[in-house]
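Student: Feature list, courtesy of TrEMBL:
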COMPBIAS  A:526-535  compositional bias 'Acidic residues'
DOMAIN    A:128-433  domain 'NADH:quinone oxidoreductase/Mrp antiporter transmembrane'
REGION    A:514-545  region 'Disordered'
TRANSMEM  A:12-35  transmembrane segment
TRANSMEM  A:42-62  transmembrane segment
TRANSMEM  A:82-101  transmembrane segment
TRANSMEM  A:108-125  transmembrane segment
TRANSMEM  A:131-151  transmembrane segment
TRANSMEM  A:163-185  transmembrane segment
TRANSMEM  A:205-227  transmembrane segment
TRANSMEM  A:248-266  transmembrane segment
TRANSMEM  A:286-305  transmembrane segment
TRANSMEM  A:350-371  transmembrane segment
TRANSMEM  A:392-415  transmembrane segment
TRANSMEM  A:435-455  transmembrane segment
Amino acid sequence: MIPDQSETLSRTILVLLPEIVLALSAAAIMVAGPFFRRGRSLWAGLSAAAIGASLLALLAVSGSGTDAFAYGSVALNDALSVYGRFAFLITGLILLGLAHNQVGDDRAAEFFGALLFVISGAMLVCAANELIFLFVGLELVSIPTYLLLYLPRRNRTTQEATTKYFFLSVFSSALLLFGFAYLYGLTGVSNLKALAFLMGGGGEVITTGTAAIGSIAVVFVTAGLGFRVAAVPFHFYAPDVYQGAPTVITALLAWIPKGIGFVAMIRVLTSVVSVGEPMLSERAVFLAWLIAAATLILGNTVALVQTNLKRLFAYSSIAHAGYLMVGVAAAFARVEDPANLGPYSGAEGIVFYLAAYALMTLGAFGVILYLEGSGERAETIDDLSGLSRTRPLLSLAMALCLFSLAGVPPLAGFWGKFFIFASAWTAEPIQGIPSLQLLAVIGVINAAIGAYYYLRIVAAIYYGTPARSPAAESRSAAGWPTAMAVGTCAVLSLILGLIPGPLQSASRRAAVAAIGQPAPGTSGPEGEDETETDDVALVRPRPVR
Amino acid sequence: MTLLDSRDLALIAAIVALGWVGIWLLLPHRHGGVKTARAYRVGALLSAIAVLLVLPYLTPPGDLLARLFFYSFSLLALLGAVLMITARNPVNSALWFAVVVLSSSGLFLLAGAQFLAAGTVIVYAGAIIVTFLFVIMLAQSHGQAIYDRSARRPLAASLTGMLLLGALISAIIAPGATRKDGDPAPIYSVGAIADQPPADGPIAAVTAQALTETSRLPRPLEQGETPAHVAGLGATLFTDHLLTVQVVGLLLFVALIGAVAIATPKAPIRPDRSTASSSPGSATTNPGGVS
Amino acid sequence: MATWQIAVILVKIFLIVGLFQGAVAYMILLERKIAAWAQDRIGPNRCGPLGLLQPLADGAKMLLKEDVIPGYVNKPLYILAPAIAIVMATIGFAVVPFGPAGLDAPTVNGNPIHFQIAPNVDIGILYVFAIGSLAVYAVILGGYASNNKYSFLGGLRNSAQIISYEIPLGLSVLGMVMLARSLELNDVMSWQDRNGLGPIPAWGVFVQPLAFLIFLVSAFAETNRLPFDLAEAEQELVGGFHTEYSAMKFGMFFLGEYLHVITVSFLTVILFFGGWDAPFLGVEDTSWIAAVLKVGVIFFKVTLMVIFIMWIRWTLPRFRYDQLMNLAWKALIPLALLNLVVTMVLIQLFRGVG
């Protein structure tokens, strides 16, 4: 029996409870702002409470499956959705900690409200199972981001950064919508699970050339999302915008658009294309191959010559988009049986890498923010020189984050790179395009190049001579939330590096859920039971190697 | 990979080349300089030939009347689009954009999307472009700036656009992509499956769940029957896409608050005073600009 | 589509366009008479009995006057603006029923003859709004192309005014649309006929009084009539957007404005005064006699509405610009939203779900 429409709807609303809590609190904060002239700490505290409430709501609903409704509902509560939403809530809390003192009292309510909207938009993208819903979720991230870019500081550089980001983001949305239109035209359904199902099992339904129309869709959707993740050739805005934006917003830009961009790629592209027609999947792999190689090489080589920290991190974030694109290329490869992924899957690597990337990049930006907050200059690498003498703990945190970014073994960043390269290495070779193993080799070489410029910063911190004498400097604190956020990032990077097992099995479940196709047409209590057992059967936790 | 035969390839290459040179000639000068009338004439001729070369690939819809309207709306939209990017006066650009919007809504109307057509006219032509005009007129009170009159990298931009067009055409006409006569588009064939009782097979069950009653295309109607476009649209928006509509509401809310927060007048400025203060500037110089 | 159907449509188009443009000439006379009455004058009485030939004289004057195009104008746009004004005012009539159409249309050999140029257009009133929203181009372009500071100010004022007042206008109609469950104007009329409490008909003015007021005010603003004629404001802006226009180009703006008045009167009558609805006429009367009566009723009501609009012109002073904006954004839009929500809730309560 087909699940009832209203039943599907009420179930979806229940599943989206965390986002609803967050968005309603954000709206309430924004509305209350003009009426209660209070300091920013009140609004920051309220925002933290809202994120906490949303976290509780997520824990409460995380058990309820949506497999019975997968082909009819706009949002899913599968493993990928729970994983992603959890990640965005945690990093949202970290971002809030970094941002708590970055805005003037007069604009604090709007600022924190917009931050909450960004987080809820990102969570909607993780849960989205429908083209339009996904697009709206992406926009719910973009539009408050323009606000966040402009609110904390009003000067010419911020204006320039905001304008650049605004126009390019709008342009990328147009490309994305153009691609979505073709994707919808392939089958006439906008539900992503149903789209994947019809592309794969329902092949006989689709009489027109899916490869031709589908490749238009893949190209444009990749282009639209490529802007968000700053992949070559859509990377060019990143250095200017990162440099011009307030540091905390740079941190946000380095993480949230990239995170949702790749989650959206898993949801819209890889899960749909990899089960579809082989020719389409081959073309998609080739496209991702080219983008990944170009992004890796450009990001890493240009980062070598940067001295400004924010520009360096901008190019490093482009390079990381390259590593993640390697995972996308692997995930595009044809999957014969959605229930049985290989030992390493591209989506799994992407999901793991994203979590690690979030921690290490937010941690690194947090250190810069902390230094700025205590009145020190932290614009170029030389400004950090000799930092270990004056601030040993902060230097340690920075070093951990940078090592993790470089992919040094016992840290989270290493495992992310490992899973992605492993998935590329083990992928089936495809006739007519350069093999993914070559891409993995390019990736490893680039990781080595990348290690150079990260280690250069670490060397400056530990072996450089301080510009000023430590005694003369007045040491003011930057606020405990920033310190806590930085500490959390560094410690989690270390812990996840030492014990990657739980995160890895979670990413495995997420990857399986993203591509999995639950048995259609089940509803009611017995249907739910069935899908529960399905879930268990699908997920085979694997020991960590 | 599907390959096109040499005739198609030659035709597409010709479209791209002619369109490139044509649009490049039509675009304003790189530094806002003046081009000769002959350049414009040659550009218009080349672009027109490029448009004519696309004709063999078109299968016009419906009977003679529908065909007539289809071609006139399409050509008007194309003309408007070309003139919009090539106009040297921003006001004219905005007006040509309005022409593009109006002709596109004519095409929507031909495709049976009445609500979309009306909505496009009301929102785009009636509100957004009017606001554009408003802003352009206010901003032009001291005459046109150089960046209004010049095109940025016209050669590269027109080549990129035309290459994209060529790639799209070749993807659409590639073997396997063109429909054989009588072959329904997937949007219909999938819809037909959803209409059947979902007894047999997982495909039927999936389509029935994905294409609920409200989200299907309206059936072709008998003569005299009133199609319920707007009611059907409302039904699907408020059942299948209810949550999406709510999120769009949030989006508009953020945009509204954002606009207010970014604008931030220091003291409340009344509209009459703002008009009065801007009027001397716009009045002393020529607001009409030169054309 | 059969040839005779196209012929019928063409006949209707010629009839309506000719009728209304002729009516405009006499509306100007009417306006002048009402103005004279309001100001205790006699008004035009020289041409023909009671001045009834005055419109002909006015028309001849417009056509024969020298058509001056100043040298400093943006010529293509300058010529385009009055054309837009008249075209947009005319094509708005396409979906406005001027008698029974749809279900209660009288028939010839079993084929219904609709008293409407384009019957069964599902979007009905949205089309009227779409065309109405395009009419602003005439004023904006006229103001811009004239290259004159008075015209320019008039154009700017008008664009802001029309964009602002479109919102309450659209929102106020939605209440009636929800009650009738259709955007088509025929359905709204027949709904008003079919429902009602005993002798009191369910006219929009009774079931949606607040919406009626909002609609009326916004419609005045959309037609640029006093008290909302800030775009032309003779005392401040000479003539506003049409300062630089002369002869028939000016006449076309004039014609467009009066055609707008007719459209608005029709909409008001159809949405809020039952259209052809009268105590002795019902939706089930499909005879030709009933049809003629219905046409008579609707035109009678429209004439009353037109007179009302002209009467208002000499009663209220002009708004100041900030008052104009405050009225739209701080009063009309919130009230229209409130009306919409209350109507929605009441419909849901009394009709139940679905």
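From the backbone N, Cα and C atoms, a Cβ is placed for every residue, glycine too.
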Student: Same-chain Cβ contacts of the transmembrane segment (A:108-125) under 8 Å, 6 or more residues past its ends?
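Tutor: Beyond its ends, the transmembrane segment (A:108-125) has Cβ neighbours at 16, 18-19, 22-23, 25-27, 29-30, 32-34, 36, 39-40, 42-44, 46-47, 50-51, 54, 75, 84-85, 88-89, 92, 95-96, 99, 133-134, 136-145, 147-148, 151-152, 252, 256, 259-260, 263-264, 267.
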Student: Using Cβ atoms only, state whether the transmembrane segment (A:82-101) and the transmembrane segment (A:350-371) have three or more pairs under 8 Å that are 6 or more apart in sequence.
Tutor: yes
Student: Are the transmembrane segment (A:248-266) and the transmembrane segment (A:350-371) near each other by the rule of at least 3 C-beta pairs under 8 angstroms (pairs 6 or more apart)?
Tutor: yes
Student: Which range wins on Cβ pairs under 8 Å with the transmembrane segment (A:435-455): A:12-35, A:42-62, A:131-151, A:392-415?
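Tutor: Comparing A:12-35, A:42-62, A:131-151, A:392-415: A:392-415 has the most Cβ pairs near the transmembrane segment (A:435-455).
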Student: Apart from its near flanks, which chain residues at least 6 from the ends of the transmembrane segment (A:248-266) lie with a Cβ under 8 angstroms of it?
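Tutor: Long-range Cβ neighbours of the transmembrane segment (A:248-266): 80, 84, 87-88, 91, 95, 98-99, 102, 115, 118-119, 121-122, 125-126, 128, 134, 137-138, 141-142, 145, 148-149, 152, 165, 221-222, 225-226, 228-230, 241-242, 310, 313-314, 317, 320-321, 324, 328, 331, 347, 350-351, 354, 357-358, 361-362, 365-366, 369, 511, 514.
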Student: So what's near the transmembrane segment (A:42-62) in sequence-distant terms, Cβ-Cβ under 8 Å and 6+ beyond its ends?
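Tutor: For the transmembrane segment (A:42-62), the sequence-distant neighbours (Cβ-Cβ under 8 Å, at least 6 residues beyond its ends) are 14-15, 17-19, 21-22, 25-26, 29, 33, 36, 77, 82, 85-86, 89, 92-93, 96, 99-100, 108-109, 111-113, 115-116, 119-120, 481.
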